[in-house]
Each structure stands twice: as C-alpha cells, then as structure tokens.
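**Student:** Not my notes, these are from TrEMBL:
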type: DOMAIN; residues: 32-245; note: domain 'Aminopeptidase N-like N-terminal'
type: DOMAIN; residues: 267-474; note: domain 'Peptidase M1 membrane alanine aminopeptidase'
type: BINDING; residues: His340, His344, Glu363; note: Zn(2+) binding site
Amino acid sequence: MGLPPIMIDTNSTSFPASSESAAIYRLPATVQPHHYELFLHIHLPYDEDDTLPDALTTQGSHVNITLRATAEGVRNITFHARHQFRANSTSGYVKRFDKDAVSLFELTEDGDVDGAINVSSVQFLKVDIVVVNLDSALNSDRDYKLKIQFEGVIGRNTQGLYRSQYVKNGVTRYLLTSQFQPTMDRMAFPCFDEPGIRSRFTTILKYPNRFTMTRTNGQADGKPIIAGSWIVQKYTTTPAMPVYLNAFLVSDFALTKFVDRGDAAHALQQGRAMMEFLSREFNQSYVEHLPKLDMAAVPDFAGNGMENWGLILYREAKLLYRPKVSTAEDKCGVAGIVAHQLAHNLFGNVVTCGWWSNVWLNEGVSSYVEYDHIHQANPSWNTKDLFSYWVIHYIFQLDAYKHTHPLYDPNVENNAHIGGSFDVISSWKGASVLHMIKGVLGDAGFNRALKAYVQVNKLGSVEHGDLLREVENVAVEMGYPAGTTSRYLRSWIEESGYPVLTLHRGSGTDPSTLNVDCGKAVLDYPTLPVSDGRVDNFIIANVQQYGFYRVNYERQNWNRIITALPVFMDYPTVTPPSILKSPSIRIPLKLLHNYLTQETHYGPLASARDQFRHLTIMMDGTVHYDLFVEYTRKLLEGGLYINSRWSNSWTDADVLSHDDTEGSFDKVMANDVIIN
C-alpha cells in the first residue's frame, strides 16, 4: 500500500462564504411524518392512438400521512407541493386544492380515528410550500392522520412523475416513470420533501389495464383488482426512507432475471457481484430492509441512474451492454454505474445525509465504494491503478477554480443551490478525500470505520461529523492522538481547494529530514521512500497519490527524478501521473522527453496526453506547430503506441476478459491515448 500520507491542516486559509442572499426553503420542524398511504390514479395513454380521457393526470388521487407534533401548541402543518405557479409548460405539478380537500383526524394508540380537527384554511406559498392552518392545537403525545385529495399533472420532461416514450413497430408507445431526487416528489404528490425526514410508504397504483409491467419500491401485495379497464395494485410497505427514494414505473416492459444472455446480462452479473460485495464488506444484507430489487432501463432519463430503494432506474444506454457492438469503455461504464447505484443502498438509503449541504456523504462515499468494488470484481481491468488519473487529477483541475465549493457547503439552501450541489466535486472530491482517509487508516481500518458508520446510523440521517467520529475512533485505536485526525480532515471537508506542498531538504544530509511549505504551515515529514541506490538520493512524496494535495520539489530533486523516472515503472508504490501533473510545466516536459517512449501503462500516458493538449493549444497557429507535432509523434513511437494498437481481429474476450493477463485498460484504452 505504501506509506500513508501526512494530513495537512489548512485551517489557516480562509474561504469567504457567498454573500448572495437566499430565501430559506426548509420546513419547520414542528411535525414529524412517519407513514404515507399513497393512492395514485395514473391516467396514461398506452400509445399514440389511445384516446384516454383526462390523459397525463393523476385525477382521483389521495394521500394519507400519519404524523405527530414535535412540540405543544402547533396549530398548522407545513409541507411541500409544487403548484402551477412554479411549473413550466412541460413539467408536472399538483393542482391547487382548498380546505375541503383536506381533513385531519386524531388517532388512538391502536391507530383508530378518535375525532376530527377542523381545518380553517390552506395557503399555497410561492416556494413550493403549503400551510394547512388548524382551529385547535395538536397534542405532541398523539398521532394524527392528514388526508389530502389531489390531482396532479404528469410531466413531459424528465423530472418528477413524467411520461416517457419509445417507438415499437412504427408506433409510439408511452410509459410512466419518475425522477424525484432531490426536490421533485412535490411535483407528484403533497409530501415532506427533505432528505432528513424519513417515513414508511404504502402505495396503491391504479392504471390502464393495457400496461403489463408495473413497479414501485415495494412488492406487489396480493393479486391485482380488475376494475373495468383499470387495474388496482397494492404494494408492500417500504422501510423508513426519505421521500425522494420513491419510484414508479408503469409500462409493458419485459422482465429479465439472473441470466447469462441478452443486453442486460452484464448489468445483472455486475449487480449480483456488487450485492455480494456490500454484504461481505459491511455485514449489511439487502433483504434485511426490502425483499426485492428491480433495475429498469428507461428510454429518456436525466441522469445515469437513480438509487430508488427497491426500484433503481437507469438511462437505457447506461444499463445495457451488447457484446461485439458496445465498446470496452461501455462495459466498464455499465459496471461502474450499476455499482454506484447499489452502493447507494447503504450510503444514501440506509444512511442518508440530513441536508443537501452534505450530499457528498451520499455521492462521494458511493463513488469510492464503486471503484473499490470494480477493482475487486474485475481485477484484470486495472481500475485501481487508474483512480489517481481518472478521479483525483481530474478533480484537481476543477477544485482549483475560485468558484468551486467545499464538500460541506453550509450555503445550500434553495432549490438552485440544491441542484448545483450534485456535481463532480461532491462525487469525486468526496471519493478522493475518502481515498486519503483509507491511506491513513489502511484497508482494514477504513472498512472498520465505514462499517461502524453504517451500523450506528442505520435508517437515520447524518452529517459529516458522524463519519469523522467513526474515523477518529479507528485512528485513536491505531495510536493517533485523540482529536487530531478529525480536526485535520475537517479542513478538506469544510474548505474548498487543496494544498500545494513544496518540499525542501532540511539541514544535514539525511534525505528523510524535510521541511514542507504550505502557506503559513511548515510541517515535518516522517521517512519517505527514497531510491534503491541506482539513482542518487531522490525523494518522492505522496506515493500512490493517497493525499489530496499536490507536491512540488526543489530543482535539484526534480533533476534527480528526471534521471530516475524510467526506474519508477518498476515501483508499484509510485504514481507517475502525480509526477507528470506537477505544478510546473517545464519540469514535466523534461520528464516526458526522458522516459515516455518506454512507458506502457495507460495512466501515465493519459497524463502526458493532457499535458500535450495544453501545449497544443499554445502551439497551434505558430510557426513551430509542425515541429511540435513531429516531436510528440517521436515520443509515442515506442512503448504502448507500437505494442498495443487496435486490431480488427480482437474478440470481446480480448478487450475485457477476466484473465489477469489480458484485457487491462493499458491495452484497450491505447486508442484513447493515441487518437486524442
């Protein structure tokens, strides 16, 4: 694994918060829902020739929400519903309803009705909020059932509850599907649409009888009821979960089970392996909470996939893989997307960020677990060695801009902020910081911390302090001073950007004595790996790029690295991409010149390609451009360029096989390096 990185305290650097004034969209914590009974009447035409009345509505729907006041004297109930004022021409929404559509009942301990509470008025606010005002206050020691009759409009974009379509035999057919994360449940039915509010859901769907494949989070509970041209199907109750994890599918899709053929076979195989991985690594069985899991490919879907509990929805192109037709990159991509969505079962579903300011606890942790699983399930793909190039150095570029944001962003308040928080910083910087934590704790310690994090917070809401607490516990067991680990890690989580370290030799000749310049911080490093004697006294810090920071060196050490770089290909603990992407351009160009013709691995060559792209932009249009092209061509005439060209005779097994001697990305991605 190599030596762990040193954690750098960057608290001395301040990052000003946004001065933009934003409206607060949070619900008051005066009531807590804990169970929904949702009846959705789906008016959806089967195809373009269907003349169904009230098409694209949910006319005749209702929701019953069991809730309890959290304090005495509560005289209103506030929740979310997107009404027409906030909707555009293609999005779904809930039509306005008045107090006659709302009723509230006090319940006994057995759940029976024990009297009605009069509703005095209903207010629709402009920020998706509805306030139900009551004539009398709620008792905090009693449950209440809020009943709302409503009608919704089904959207025609890819948000909320929406209509999708495809063409079969020249006829356009329709299906109903959904995308509710992060704030789009309110477009389908009245609800408490915040990630930290968990409830159980019991759903009944009523839909036209021409649709043969209907799914939601729970299993079908009993046989469907035939009511004329309609089917009514009840589903089992879900575990307590955030409302955004609801999902619906009304279609005539075919069902594929665990088989080894067809376009869905690869996704099923990878999904089965991921479920086994999660159960083995985290001692969390999926069926502990839900007895079934469906994965569906939707023709038009905004994201790559969505981790709805029990019904994961994917963009069609991201779930299906066709051997001999799809590319090797498609094969790895399908595996990654399936692994990511299934990782969310623990990190997002079982344990959920309390508010979107900490969405990286969902996205970043799942992204890292995704990579960890893919490496274990498909070792011949060499994805572990490419993590620093694909993830860390990509994020280095984005996290260097002034407009970047920290992993924990306290400024996430309104819908625009929430949508913007679902970005690569939350996903891939989050994964990079976890990679650093794993470098400190080691594989066993890191997994122990994640296991404890899931177990302690199961079916609950978390903030980043909950994760750091478990990391701190393991670090103390390993001998780190109490409080030190979590204090250092907060600087990477609560501040944007990353440190750039410059290493200088200390006094004397001992190469393990170094000073580190990082703004105002000067830290001492422990012994770092040095050469084996074939090259004189060079030093490489942050081996395997575990630390989320960049390293620069004094010129003398750079020159020794230049001389020694070909030797690094024999060192599994050294990551050439981190050297090639140093803060200085002049130094890496010398590195490229000295060793690139001997390099045979995709990661370093791809890093060199990125450097050439920058240089190409600068050289293009100059009198020296042709000389530059000739120079880069000569650098690539050896190594991977000569030995790993594409061949028309390759089979699918050659491209990505499970034989450790074949199919690595060093081979299949050669074309990416050369052509681009």
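Yeah, the Cβs are placed from backbone N, Cα and C, and that goes for glycine too.
What TrEMBL says about a protein is an automatic prediction, not a curated fact.
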**Student:** In sequence order, what residues of the same chain, 6+ apart, have a Cβ less than 8 Å from the Cβ of Glu363 (Zn(2+) binding site)?
**Tutor:** Gly348, Phe422, Ser426, Ser427, Gly430
**Student:** For His340 (Zn(2+) binding site), what is the tally of other C-beta atoms lying within 10 angstroms of its C-beta?
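**Tutor:** Summing over all protein chains shown, His340 (Zn(2+) binding site) has 25 other Cβ atoms within 10 Å.
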**Student:** What is the number of other Cβ atoms found within 10 Å of the Cβ of His344 (Zn(2+) binding site)?
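**Tutor:** I count 25 other Cβ atoms within 10 Å of it.
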**Student:** For the Zn(2+) site (His340, His344, Glu363), what does the 8 A shell look like? I mean other same-chain residues with CB within 8 A of the CB centroid.
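**Tutor:** Once His340, His344, Glu363 are set aside, the remaining close residues are Glu307, Gln341, Ala343, Phe347, Gly348, Asn362, Val365, Ser366, Ser367, Glu370, Ser427.
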